[in-house]
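Student: Structure incoming, see below.
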Amino acid sequence: MYKLVLIRHGESTWNKENRFTGWVDVDLTEQGNNEAQQAGVLLKESGYTFDIAYTSVLKRAIRTLWHVQDKMDLMYLPVVHSWRLNERHYGALSGLNKAETAAKFGDEQVLVWRRSYDTPPPALEPTDDRAPYNDPRYAKVPREQLPLTECLKDTVARVLPLWNESIAPAIKSGRKVVIAAHGNSIRALVKYLDNISDDDIVGLNIPNGVPLVYELDEDLKPIKHYYLGDQEAIAKAQAAVAKQGKAG
C-alpha cells in the first residue's frame, strides 16, 4: 500500500477578500501561514515523512510547503515546482470579488463558472496584464499551452501529464510524496483518483491547509482517503468554501 498526501495552501490574501485568484500570485495571510504550520506539525505528530514534494509556481502553495517542511524538519526535501499544479485560471474573473460578481451575474451563473466541470469563465484578452505570456515563470512553457481561462476539465487535462509522467512513477518507486497545491488542481487529482463524475465534482470542496491522505493500492487505486485533524472543524471549513461564490 502507498500513501499520498495532498494539501491545499493556507488562506491567501484574496481568499480572505473573497476574490477569484487563479494564476495571480498572492501571498498567505497570517492565518494562512498558521494553517500551513499546523499542517506540518500535524503530519509530524501523526508519524508522516516524505522523500519528495510537488508544488505549483505560485507563492501561496510554495510557502505552504515551506512551512510544512520546516515543521517536519524536512527543509532538504527535493521539490518539483510545476505550472501544471497551478490553480485553475479564472480568466476575466481574476481579481473580482466573488459575492459582487454573484450580485452582478447571479448566483447560478457564478456557481456554473466556479464549479461546473466544462464551462470556463470569460477569457482574458491576450494583451491583458494578467495574461501569463510575459511572466518569466512560464518562459519555458509553449505559448499555446498557457491558458487565458480554464474550466475544471482544462485543469484536469494539464494536471494529469504531471501525474502520469512524474508523480505516479515516484509513488510506485516507493517514494513518499506530498503535494502542496490549490483548490482546483487538487480537485482535478481527486476527480481522477476517485473517478468522480463530471456532475458530482461540482459538490467537492477542499479546505485550506488541511492534509488529505490517500491510501492507494499497487495500481494507485484508492483504498480510502481521509483528512487529518479535527473533523468538525474540517466540515465547517468545507462549507465555508462552498459558500464563497454567493451574493448573500
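Positions of Cβ are set from backbone N, Cα and C atoms, glycine also.
Quick paste from Swiss-Prot:
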- His9: active site, tele-phosphohistidine intermediate (ACT_SITE)
- Glu87: active site, proton donor/acceptor (ACT_SITE)
- 8-15, 21-22, Arg60, 87-90, Lys98, 114-115, 183-184: substrate binding site (BINDING)
- His182: site 'Transition state stabilizer' (SITE)
Student: Could you tell me which of these recorded positions, Arg8, His182, has the fewest other Cβ atoms within 10 Å of its Cβ?
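Tutor: The recorded positions Arg8, His182 were compared, and His182 has the fewest Cβ atoms within 10 Å.
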Student: Report, as a single number, how many Cβ atoms besides its own are within 10 Å of the Cβ of Glu87 (active site, proton donor/acceptor).
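Tutor: There are 26 of them.
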Student: For Arg8 (substrate binding site), what is the secondary structure state per DSSP, taken as helix, strand or coil?
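Tutor: It is in a strand.
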Student: Cβ-Cβ under 8 Å from Gly22 (substrate binding site), same chain, 6 or more residues apart: which ones?
Tutor: Glu87, Arg88, His89, Tyr90, Gly91, Leu93, Ser94
Student: Quick one: pull the CA-CA distance for His9 (active site, tele-phosphohistidine intermediate) versus Gly183 (substrate binding site), whole Å only.
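Tutor: His9 (active site, tele-phosphohistidine intermediate) and Gly183 (substrate binding site) have their Cα atoms 8 Å apart.
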Student: What whole-number Å value do you get for the CA-CA distance of Glu11 (substrate binding site) and His182 (site 'Transition state stabilizer')?
Tutor: 11
Student: Hey, which of the recorded positions His9, Arg88, Lys98 is the loneliest by Cβ count within 10 Å?
Tutor: Lys98
